[in-house]
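Asks: Here TrEMBL flags 7-29, 41-59, 80-103, 115-134, 141-162, 168-191, 216-239, 254-270, 291-311, 331-350, 362-382, 388-410 as transmembrane segment.
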Amino acid sequence: MIGLKKNIIFMLIYQIVNYLVPLALTPYLVRILGPSSYGELNYSISIVLYICLFVDFGFTLSATKRITKYIGNSDKISKLFYTVTVAKTFLLITGITILILSISTLDTINSVKTIIVISAIQIIATVISPLWLFNGLQLTAVFAVFNIIFKVASIPLVFFLVKTPTDVGYAAFFQTAPLFFSSILALIYLYKKKILIYTNYTPRFKLIIRTLNSSLFYYIGTMSVSLYTMSTPIILGLVSTSEQVGFYSASDKIRAAVVGVYVVIGNVIYPRVQRFYHEDDNLGFQYVKKIIIAVIPLCTIASIMLFYISPFITKYFLGEEFGESELILKIMSPMMFLIPLSIILSNYILLGMGHKKIFSRIPMITATIHIIVATILSLKFGSIGASIAILISEIVSFILLFITCCKLGYIKKLCVLKI
């Protein structure tokens with residue numbers, strides 16, 4: 001088992017690479033592809049990511065939580081891994097069927113079907129990816145190294161192969177394939193280390209259904225959150241133009257790079273928070289309080305910095321064609337503060353204390369509001385309207401989470417407890 005600090009360091013490096021690679025490629029891709037083709041690229045990948053989210057079905061949280069109980073027991077670890085993988089395979093078949101029907105019936109999706117098919121390698125990767133297993137076993141650093149290797153290797157290939165807007169397929173492949181290859185390498189590692197063992201075990205259908213049911217609340221929560229984060233480019237693509245999707249997506253990559261650093265550290269810390277809660281609720285709350293004290297000043301600085309340097313980022317990073325992205329970045333800047341705190345309130349407190357229904361209900365309310373607001377504002381104001389809609393959704397989400405935690409007495413408990 002690798003220590004928490006080492007996991008955090010490696011995962012921080014992984015997250016930096018995970019977002020710096022797209023960021024490093026963004027100035028090149030936006031200039032080569034232009035706003036329209038760049039918008040088509042991100043529209044297609046957003047659709048694929050939705051299928052990936054469906055296939056994952058919240059196992060990143062639910063299976064990670066279960067695997068912490070089986071550390072050192074290869075037989076139980078292997079049985080859980082095979083059960084989760086078979087469950088994901090059933091979801092894969094359903095997801096691919098929905099995707100084919102969407103391509104057949106919706107012209108906006110049919111127009112980018114080639115890019116979607118190329119990007120679909122990430123859906124396969126989601127089925128076989130053992131990231132949740134590495135997280136639960138506190139071996140996240142190992143998976144991070146594998147992913148970094150393939151992410152970095154993709155950079156020169158993009159520069160070499162993407163020369164015109166017609167090469168958008170290459171751009172799609174090299175943004176989605178690294179997870180597939182790193183997952184293959186990760187599986188080889190698990191079998192070599194005998195963490196996973198070969199067995200004739202075949203999970204029964206009832207067990208697969210039970211496994212899916214145990215992950216349902218996690219899926220509803222994460223899916224609902226994604227409805228007001230990942231869905232925005234899709235809504236834009238349906239009601240506006242590919243160019244507007246390009247403006248929004250270029251800005252959102254920068255926002256995601258900043259917020260993503262906290263998200264990945266949060267995923268590494270999550271199993272540790274769970275163990276503290278298992279020992280004693282007060283230990284869990286003390287640990288969460290330490291995280292909040294560290295996060296608030298860092299996120300405040302990040303929000304202010306993004307607001308003031310957005311003109312520089314737009315001019316020198318994205319180029320003159322993406323002038324509209326400056327205002328989008330300014331609108332998004334408060335999200336650097338809101339999102340990390342919302343994750344703490346939902347994942348570390350509500351989910352940590354077993355409030356699965358509340359964990360899934362709040363994002364569902366927010367998602368419903370977002371879909372309505374985003375559709376109206378995107379239709380009238382394009383990418384600017386979409387960015388306003390996502391900010392409104394994050395504010396609503398934070399307020400609902402904060403009020404809920406107050407009513408349950410958790411905010412008061414955080415204030416009273418000494419570190």
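Using the three backbone atoms N, Cα and C, a Cβ is placed for every residue, glycine included.
Keep in mind that this is a model prediction, so the values were computed, not measured.
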Asks: What same-chain residues lie close to the transmembrane segment (388-410): Cβ under 8 Å, and 6 or more beyond its ends?
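Replies: Distal contacts: 225, 228-229, 232, 285, 331-332, 334-335, 338-339, 341-342, 345-346, 349-350, 353, 355, 358, 362-363, 365-367, 369-370, 373-374, 377-378, 381.
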Asks: Grab the same-chain neighbours of the transmembrane segment (141-162) for me: Cβ-Cβ under 8 Å, and only residues 6 or more beyond its ends, written as numbers and ranges.
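Replies: Cβ under 8 Å, 6 or more out: 2, 6-7, 9-11, 13-14, 17-18, 21, 24-25, 28-29, 32-33, 130-131, 134, 168, 170-171, 174-175, 177-179, 181-182, 185-186, 189.
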Asks: Residue list, the transmembrane segment (362-382) vs rest of chain: Cβ under 8 Å, 6 or more residues beyond ends.
Replies: 220-225, 227-228, 231-232, 235-236, 239-241, 244, 247, 346, 388-390, 392-393, 396-397, 400-401, 404
Asks: Below 8 Å between Cβ atoms, which of the listed ranges 41-59, 80-103, 168-191, 254-270, 291-311 makes the most pairs with the transmembrane segment (216-239)?
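Replies: By Cβ pairs under 8 Å, 41-59 leads among 41-59, 80-103, 168-191, 254-270, 291-311.
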Asks: With Cβ distances under 8 Å as the criterion, find the stretch in 41-59, 115-134, 168-191, 331-350 that has the most pairs with the transmembrane segment (254-270).
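Replies: Per the Cβ count, the answer is 331-350.
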Asks: Does the structure show the transmembrane segment (291-311) and the transmembrane segment (331-350) touching, where I'm treating 3 or more Cβ pairs under 8 angstroms (sequence separation 6 or more) as a contact?
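Replies: Contact between the transmembrane segment (331-350) and the transmembrane segment (291-311): present, because at least 3 Cβ pairs are under 8 Å.
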Asks: Going along the chain, which residues at least six beyond the ends of the transmembrane segment (331-350) come within the CB cut-off of under 8 Å?
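Replies: Hits for the transmembrane segment (331-350): 61, 221, 251-252, 255, 258-259, 262-263, 266, 270, 273, 288, 291-292, 295-296, 299-300, 302-304, 306-307, 310, 358-359, 362-363, 384, 387-388, 390-391, 394-395, 397-398, 401-402, 404-405, 410.
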